[in-house]
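Inspection log for the structure reproduced underneath, given as structure tokens.
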Amino acid sequence: MYLFIHRKDLRVADLRAFDYLRSKDAEGIHLLIIDPALTAQGRLTSHSGRNFVGQAASLLHSYAKAGKELHVLYGDPVHVTEALLQSHPIDEVVVHADYTPYARSRDERLQQTVHRLGRRWISIADAPLADLEAFPAYTGRSEPYKVFTPFYRMWSSFIMQSYNPMGITTIHDLNTVREISGRVAVPFALPEQIASALGGTAAVEGSVKSALLLDRFVREHLAAYAASRDAFAEGHTSGLSRFLNTGAISARQAYEATEGLPGAETWLRQLAWRDFYLYQAMYHEDYFRYEHLSDLSALTDKHFGAWASGATGIPIIDAAMTQLNRTGELPNRLRMVTAMFLTKNLLCPFTLGEQHFRLNLSDYDNTLNRGGWLWCSSLGYDAAPYFRIMNPATQSQTHDPVGSYIRRWLPHLAHLSDKEIHQPLSGAIVDLKASRARAIDVYRSIAKQPIVQA
Ligand SMILES: Cc1cc2nc3c(=O)[nH]c(=O)nc-3n(C[C@H](O)[C@H](O)[C@H](O)COP(=O)(O)OP(=O)(O)OC[C@H]3O[C@@H](n4cnc5c(N)ncnc54)[C@H](O)[C@@H]3O)c2cc1C
């Protein structure tokens, strides 16, 4: 008997682990653990928490529809796993690899427990589009890439030569254990609130919805993606990130649906950025502790509250933060504009903005969010140069000339003309020109300072 634990792979087809499990030809316990460490402090009611619950409910629905069993338990993954290993004749524990700091330390503890109890621990790469565990050998480099463009060149040729297509195993091919011991089910039962949330509107989320979104994107928007992706008022991007991050859809499915079609190259480049950040999380120790390697003492949280609540007096910033706070959505261009504005014009440490996005984005992903914030704040290995500072008013004018995005989210400004609507209001908290000049000075000196080894 095996134990398979779902994490960022909330789907029932095209999982690398499923291909492996099928080859074992044994029955197994399929498990999803709701980990209090990840759901405490209101996280489950945040936009990303609600997204996760929706995808998890959909996963349960998919298992039930296939006549299979998914057990959902609540507790520290190490304790839950240990209890299961002590109560069932499980010979190996199978998971997909995860590379965030929390996931690494959790899996280290899990692995130790599994080995202490004399069972096998199998961790299989699944999240990236390319096999990033095999990639370093293909590149022949002793050091991992630090810069996107050469990474992308090599990654593209790796995909061309060694792409490993979607798996063919589905949950229908596996034999799931119906009942687990009361010695585990009872102490690790779900709290009532989570159990009822998981019983919600399951069928409409997850793999079904993401496949529909992908299909519509391919038919209606892929061909013009390069030209329209930054037109943030229109919403012509795929909207797949919140499904890719929970694993409700695989990057492989997204890739295979678009392969070779007009417009696919630019879109594939975005999936390559996703892989680039996952790669950094895998191979660059500093990726998650970059704030400790630069002297950020010149930065302050003075204007953070105004930024976070959409009260800066810069219309596009306030409109964007309003959309984010209300819906959990924010187009990529506006993530860049708001992040640069916070870190550069307002001279605020990127970690505060990163944290605000963590609590508010529906598609929050620790690795991709960090990559975006490092890039915008000119920190990390392949970041925007310190003197690159987007002017929010110009960005708004360029990508939404008639101001329909601002009118949508800030209706009290809807009466302004197409020209006026982008301009800072009279009470704006900073002057764009002066704050830009100051930011260049401050970030020049941050960039010049030798990295302080923590
Ligand atoms: C400051 C900042 C924070 C961000 N935080 C997150 C986050 O927490 N979670 C998240 O999924 N994305 C994050 N991004 C990346 C990007 O903004 C979103 O992935 C994108 O807006 C999602 O919309 P979409 O699915 O319609 O993308 P599409 O344009 O359709 O792109 C397809 C897929 O490619 C990937 N992708 C696209 N742009 C990027 C990018 N710049 N970096 C990495 N991967 C990308 C995503 O998986 C996306 O779903 C962040 C970007 C910035 C600048």
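The count begins at 1 with the first shown residue.
Glycine residues also receive a Cβ, built from the backbone N, Cα and C atoms like all the rest.
TrEMBL does not curate its annotations; it predicts them automatically.
These features come from TrEMBL:
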- 1-129: domain 'Photolyase/cryptochrome alpha/beta' (DOMAIN)
- Y225, 237-241, W267, 270-277, 363-365: FAD binding site (BINDING)
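Mapped onto this structure are the features recorded in TrEMBL.
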| residue | record | DSSP (3 states) |
| --- | --- | --- |
| Y225 | FAD binding site | helix |
| G239 | FAD binding site | coil |
| W267 | FAD binding site | helix |
| A272 | FAD binding site | helix |
| D363 | FAD binding site | coil |
Starting from the Cβ of D363 (FAD binding site), draw a 10 Å sphere and report how many other Cβ atoms land inside it.
21
Work out, from DSSP, the number of helix, strand and coil residues along the domain 'Photolyase/cryptochrome alpha/beta' (1-129).
62 helix, 28 strand, 39 coil
Those binding-site residues in A272, D275, D363 whose CB falls under 6 A of ligand 1, listed in sequence order:
D363
